[in-house]
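The structure appears right after this line, and notes come after that.
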């Protein structure tokens, strides 16, 4: 009873803190002058990390097994994984763009886990015999960590696509006006008008330079995180195959979860391969990673809606 109450308290505290962090972070985006807001949001994410960690440990002690046996517990672990990814660069004193991805992802997964859809899973139950194995921690934790890293990397690629497309649309729509008005020095009659045009052109060039730097950094961070997530995913699939052979006598059974895990692995293997091809631009690679964002959610969450296959123990009903 004590552990159940503590788990309930930690769940709501972590959700409340991350909600405040999101609010602070949105304010800091619009008000750059307030330096303390960024530090406050980072401290809030640290507090969220410890709350979710305490929640997982409490549920582990209360249930007697590692908390990864159903969708609710895996969502909590996914939320914890997002907070870990957020904090690693922070402790290394590297300010990056991950916070724009990890903080909303944490509140989304934490909010859904505590929603009414998964109320039946909030109470810990005895795990099915197939899950009573030491491979549970190895396999599922690696898969969830892989999903978290791949989702973050994919969202960075989506951001790269949005910035690039906005730039292309802006250049296309203003190309004629820019050429006619900014560079038609014949029509400029006074020196001060020419000076204004040069200042405007210089400002545009400076803005384009910083946009190019932003795109490059997003591309680099996306590649690094996806590479890490791909490693976790590979370890998770291999450990799952060994576990399946022990439990069911076969390394691979092509049930829906395994099939979509293989599709996910293949897609990001293609992404990493395209990164080695110098003829492929970052925009094209980002398209592949963006498709991977949808594939991951189908693999992790969409397949659970079917409620069939060897992984049906992680499914839930919408009624």
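Every residue gets a Cβ built from N, Cα and C, even glycine.
The transmembrane segment annotation in Swiss-Prot covers 9-29 (among others).
Per Swiss-Prot, the feature transmembrane segment maps to 48-68 (among others); the stated evidence is sequence analysis.
Here the transmembrane segment (71-91) has Cβ contacts under 8 Å with residues 14, 42, 45-46, 48-49, 52-53, 55-56, 59, 98-99, 102-103, 105-106, 109-110, 112-113, 118, 121-122, 140-141, 144-145, 147-149, 152, 225, 304, 314-316 of the same chain, all six or more residues outside its ends. The transmembrane segment feature in Swiss-Prot is assigned to 71-91 (among others).
The annotation transmembrane segment is assigned in Swiss-Prot to 98-118 (among others) on the grounds of sequence analysis.
Per Swiss-Prot, the feature transmembrane segment maps to 143-163 (among others); the stated evidence is sequence analysis.
The transmembrane segment annotation in Swiss-Prot covers 225-245 (among others).
As annotated by Swiss-Prot, transmembrane segment applies to 258-275 (among others), with the evidence given as sequence analysis. Long-range contacts of the transmembrane segment (258-275) within the same chain, counting only residues at least 6 positions beyond its ends with a Cβ under 8 Å from a Cβ of the stretch, are 143, 150, 223, 226-227, 229-230, 233-234, 237, 240, 252, 284-285, 288-289, 291-292, 295-296, 298-299, 302-303, 309-311.
Marked as transmembrane segment by Swiss-Prot: 286-306 (among others).
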Here the stretch out of 48-68, 98-118, 143-163, 225-245, 286-306 with the most C-beta pairs under 8 Å to the transmembrane segment (9-29) is 98-118
In the same chain, residues at least 6 away from the ends of the transmembrane segment (286-306) whose Cβ sits under 8 Å of its Cβ atoms read 71, 147, 150-151, 153-155, 157-158, 160-161, 164, 219, 222, 226, 256-257, 260-261, 263-264, 267-268, 270-271, 274, 312, 314-316, 318
Comparing 48-68, 98-118, 225-245 for Cβ pairs under 8 Å with the transmembrane segment (143-163), the winner is 225-245
